[in-house]
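First comes the structure, then the notes that go with it.
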């Protein structure tokens, strides 16, 4: 069978994932405002797709043209464009449907032509007081390099000022850095209706306010537009510049990078479109996408609560983990037994509290942590600064190349360094994506180490919407190896061996192959064999080939893949023993988990790494075995609950059809809700057991 039929192109698979996001916006069982927010998530995802994946394929085409290579990338780009345009059409239809549905609920998202007299007066007053001070039109004269001034991923209104048969053009940036995109328009007392207008439409209504007295025109019209730039940048790798300086320069390259997408309002006159393409140096019409009158739909992620609870998801407040209760501090709790947290079902506050306690605990000697993405106003980061002030030795490994978080991480690096934190940036050429924390504490004559190994970032905000595991342990074999990982980050050329952890790029590939090969050997020996895998992305061809071999040997493989999946399940003689589902629901599924049957003695690993070549071979990633039988079973149970989902699970197949898992005569199970109930029950049982012990 040809390689083309054995591997799905990752870019097309990614678009298929975003189609699943769009399915949530189309799902009438999802509360109305959540459906609108899913449109925002879809749009945000698509923006990133063009900045990264689309731009990457375009670069490959240029390289192939220079080298005289094949045109496979051209064919792929054509498929990507066709799929993206089809999804955009579905998006536009859905948006119109949701606007009508909101109107039926007495919620009106109005444009500048739908205002009554009282609203017009209020809008004009709001514009003059709040909006106009933040607007300076950019006149597109011949000598102005518009491309230099246009910001990536910002929404603009292109304005035509027409006098008889002559037109002038100007650009207005919609100032969402200073003002809300959605503005609630006051209603008359007693009216139950809610009226919302976009900032874009306030500006459109008041265009005359901006230009009158300065320009002579007969007609004035505005059209929405947005440009997406290539997100790639080159590091100078010059010895006289620090990595921090190189990264700052690299991020600045994005400000002037070439456009990879130009989205414009369909009603824009052709003459104006041609003028803009000329000014933006867009010659390839593959980059042009006609759209509606609103761009930067990602802002719809924050669509306002209109005061009607039934239009949003029912609250699922994060719960406290009972394993911490009954102890003087977090260290005693972790030392008593390993603790597993699962966000957002558990509160991330436990991690913030652990670091806060470490920052002033007189027994704590040092704290080491590696940061990939972190909240802007992170309590955890401030605790690290407090720790330095309290005389602790604090080391923070900051990944400066965390995509789209580079600027935030550069800023945090400066703040931490100024506070006296030892900030390091890791190994050249190896992005650090592991989620490690190690606290060393003097207890009597011993130094005891406490470690956190996670699947997600130390990010208070994303921990409310991403599902992720955190393992907290004082197991000496594990914590010693975590210590060695930090040593490896600081000195990647020093020989180091890991017997328990999987650490990319040292041993992850060989260990993953070993786990798969063990199941193959068991299957061939007539023993029960199985693999359960949960990752965000599976695109590494070496691992895919190994999984095909396992399927051929009779190993039953169940997978949950949220995003890109290159493996094609259900091919006779190749992958008929492989079943893949994807869950898209209110929380973003983010953990990486590997469970092997191991002839009845399951092995369970949690990991920071997706099964992509970059994560296995070109990044520092860490997977840890879960040794406590209670916690192993908990992860197995949680994973199994996903496979019972009859509401939000989609089948991954070679057609990328995104069909829902057939329910048949099974009961309705929405796995994220079922997992919340499962963990709530565990916390109740734990508290009951602790209460019984204290009563005896």
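Just so it is clear, glycine is given a Cβ too, placed from its N, Cα and C backbone atoms.
Feature list (source: Swiss-Prot):
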type     : residues          : note
BINDING  : 45, 466, 562, 590 : ATP binding site
BINDING  : 373, 403          : Mg(2+) binding site
DOMAIN   : 428-462           : domain 'PLD phosphodiesterase'
ACT_SITE : 433               : active site, phosphohistidine intermediate
Q: Cα within 10 Å of residue 433 (active site, phosphohistidine intermediate) is the criterion; apply it to the binding-site residues 45, 373, 466, 562, 590 and give the hits in sequence order.
A: 373
Q) Given the recorded positions 45, 433, 590, which one's Cβ is surrounded by the fewest other Cβ atoms within 10 Å? A) 45
Q. If you skip the near sequence neighbours and keep only those at least six away, which residues in the chain come within under 8 angstroms of residue 466 (ATP binding site), Cβ to Cβ?
A. 343, 344, 456, 587, 588, 590
Q) Among 373, 562, all listed as binding-site residues, which has the most CB atoms within 10 Å of its CB? A) 562
**Q.** Residues close to ATP site centre defined by 45, 466, 562, 590, Cβ within 8 Å
**A.** 536, 563, 588, 589
Q.
Considering every residue in the domain 'PLD phosphodiesterase' (428-462), what is the mean pLDDT value?
A. 95
Q.
For residue 45 (ATP binding site), which of the three DSSP-derived states applies: helix, strand, or coil?
A. helix
Q) According to DSSP, how is the domain 'PLD phosphodiesterase' (428-462) divided among helix, strand and coil residues? A) 1 helix, 19 strand, 15 coil
Q) Does DSSP give residue 590 (ATP binding site) helix, strand or coil? A) coil
